[in-house]
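Taken straight from TrEMBL:
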DOMAIN    90-484  domain 'SLC26A/SulP transporter'
DOMAIN    531-620  domain 'STAS'
TRANSMEM  88-107  transmembrane segment
TRANSMEM  164-187  transmembrane segment
TRANSMEM  240-260  transmembrane segment
TRANSMEM  281-303  transmembrane segment
TRANSMEM  344-364  transmembrane segment
TRANSMEM  423-443  transmembrane segment
TRANSMEM  449-467  transmembrane segment
TRANSMEM  479-510  transmembrane segment
Amino acid sequence: MCIINRQCCVLTNSFVDFYHSHIESEILKIRYKVEIDDTHPSHTPYSHKIKAVCSLAKKKLNGVWTKKTLYKRFPILRWMPPYKTDDAIGDLLAGVTVGLTVIPQALAYANIAGLPTQYGLYGSFLGCLLYIFLGSCKDVPVGPTAVAALLTFQSLGGKGIEHAILLCFLTGVVQILMGLFGLGFLIDFVSGPVSSGFTSAAALIIVTSQMKDLLGIEASGNTFVDTWKSLFHDIHHVRLWDTILGVICIVILLLLRMVAQINIGRTEAPTKSDRIINKSLWVFGTSRNAILVVLCGIIGYMFCRNGEPPFLVIGTVPQGLPDFKLPPFGFSKEINGTTVVTTFVQMISDLGSGIIVVPLVGILENISICKAFANGKPIDPTQELIAIGTANLLNSFVQSFPGTGSLSRSAVNNASGVRTPLGGLYTGVLVILALLFFTPYFYYIPKATLAAVIIAAVVFMVEVKVVKPMWRSKKSDFFLGIVTFVSCLVLPLEQGILIGIGINLVYVLYHAARPKISVEKLFSRGGTEYLLLTPDRCLIFPSTDYVRNLVTKHSIRQGIPVVIDCSHIYGADYTAATVIESITSDFASRDQPLLFYNLKPSVSSVFEGLSPKDFVVFYNHDEVDELLKNRSCIKKQMEIMD
């Protein structure tokens, strides 16, 4: 490598760049002067500023509202034009099937959130309709989920429906802002072990929260431990018939789940009768929640006609659609003759960290579903943030609590043969019909049945299968998953997942601050011995001192020329540049050669910004001998460079 030629090229390029920039600035000055001279004398400089701002805004808007962006932000424009009859049939069947699943689940999820039953249905229709226009995944049915309901319950702390509706509104706002500012990458900081620990703990907490209805007793608590303490405290009030009915319902649901997986006949080339039988079994097993709720509702109705039923029932569910109105940004209630006013700021304070955790977990759940059914296609987190955020924002106008995409309903949707997001239309219509005509019959549904529906669904969310592979793969990941799992059980769920994410970030920062450096003693082709140091990642400020100490220690111990292989260094910052300057100075003072091999030009420019002493870069192994043997030549060339 010829360093003098390289420096000349750099100086020449710099002069050319300066010359062009100077000429360009002069042209801009002349153009600006001409524009000022050509304007009407009555125009003031202030009017020119307004025109410039308006022109810039117009250009920005024209750049944003391009055809490509429009198709990206409204995916319906892509799949609606080629929509066919086969697509309509597939969406109809899938939408109705999902609708039969979501109605009993919504009734139960409202119970998890600690809200009246009808509020689960309020959040199950508008989001499905909005997702048709904004959603990018055909399999996602938007609505209440078990995890979102549990987070809502813990965020509310018993504050009431006003706080739940405001939380839904704020969840939508946060998710939309994250989408507009491109913050979808934040979910990448929730690693697999953290997600598994959180999901498994949430499943156990949900099961625990339903034990009170399964046993027919009163219990409360915001955490897994507190709820079980309350259950044991009231265990002597267990209602026998509620328990028997709940256990029977769980067994039936698990059996019907197995029925949905039965395949009769040959798998490769089934006959027409085999296909009809298998499809009938699948529909029967998939609709198990709706079938069981209807049957138990009939049983409850028969008992209620003859007097008091032996088990607890849901009770009155208001009929009709909710009023479309603004979410409460403050409210007042009369308590014991005294009007108590709760301001918006106080409501925000009451919700606490739930304002951040609920949106983050919601989009994490939704993106996981999109990835599961993407079939290798790329996922647009920004569009999903906008879609789910808009759904939550407008759901708050119909008195809903936060929701997102449901994994169980997405699996049903996919297996039902859904073709496009239009399947959500039929799901939403079915929920609307239920609110308009069937809510009086919900009165007779036993609470134990809804508890069984939830328990039978979420028990499979406990990710036991990942424990052994995680242990075999990496013990630290297993430890991270266990810590997250235990934290979510002992503490409120939002605090538990924040602890898991925090520990995960510490892991990431530790590895960034402690890069591995391989050390090898090699001989060049000419027989010169040198020490090769190879860092395995970028040089950024947390790792610079660590790298400097390692390089210094090995170089002083060996006392031979050092070559740093920079093949894996794709980035650096100012702090790294100062350390490189210091290292090169130390090597020069010891008269010990230091060479940098295969340094990326972008990284080299960062280092050269501080003009380090004796900074030598080469890109060919054949140059090692020449550079190491001709030390005096190198010094002379560096003097010329200075």
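Cβ atoms are placed via backbone N, Cα and C, with glycine included.
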**Study point:** Long-range neighbours of the transmembrane segment (88-107), counting only residues six or more past its ends (CB under 8 A)
**Key:** 117, 120-121, 123-124, 141, 143-144, 283, 286-287, 289-290, 292-293, 314, 406, 408-409, 412-413, 416-420, 422-431, 434, 442, 445, 450, 453-454, 457
Review point. Do the transmembrane segment (240-260) and the transmembrane segment (344-364) share at least 3 Cβ pairs under 8 Å, sequence separation 6 or more?
Key: no
Revision key, fill the gap. Contact count check, CB pairs under 8 angstroms to the transmembrane segment (164-187), set 281-303, 344-364, 423-443, 449-467, 479-510; argmax is 344-364
Study note, to complete from the structure: Residues outside the transmembrane segment (281-303) whose C-beta sits under 8 Å from one of its C-beta atoms, at least 6 past its ends, are 97, 100-101, 103-105, 107, 245, 249, 252-253, 256-262, 264, 309-311, 313, 412, 415-416, 441-442, 444-446, 449-450, 452-453, 457
Review point. Looking only at residues six or more beyond either end of the transmembrane segment (344-364), which have a C-beta under 8 A from one in the stretch?
Key: 147-148, 151-152, 154-157, 159, 162-163, 166-167, 170-171, 174-175, 178, 184, 186-187, 190, 195, 198, 328-330, 381, 384-385, 388-389, 392, 402-404, 493-495, 497-498
Check your understanding: the domain 'SLC26A/SulP transporter' (90-484): mean pLDDT?
Key -> 89
Study note, to complete from the structure: For the domain 'STAS' (531-620), the DSSP helix/strand/coil residue counts are 39 helix, 17 strand, 34 coil
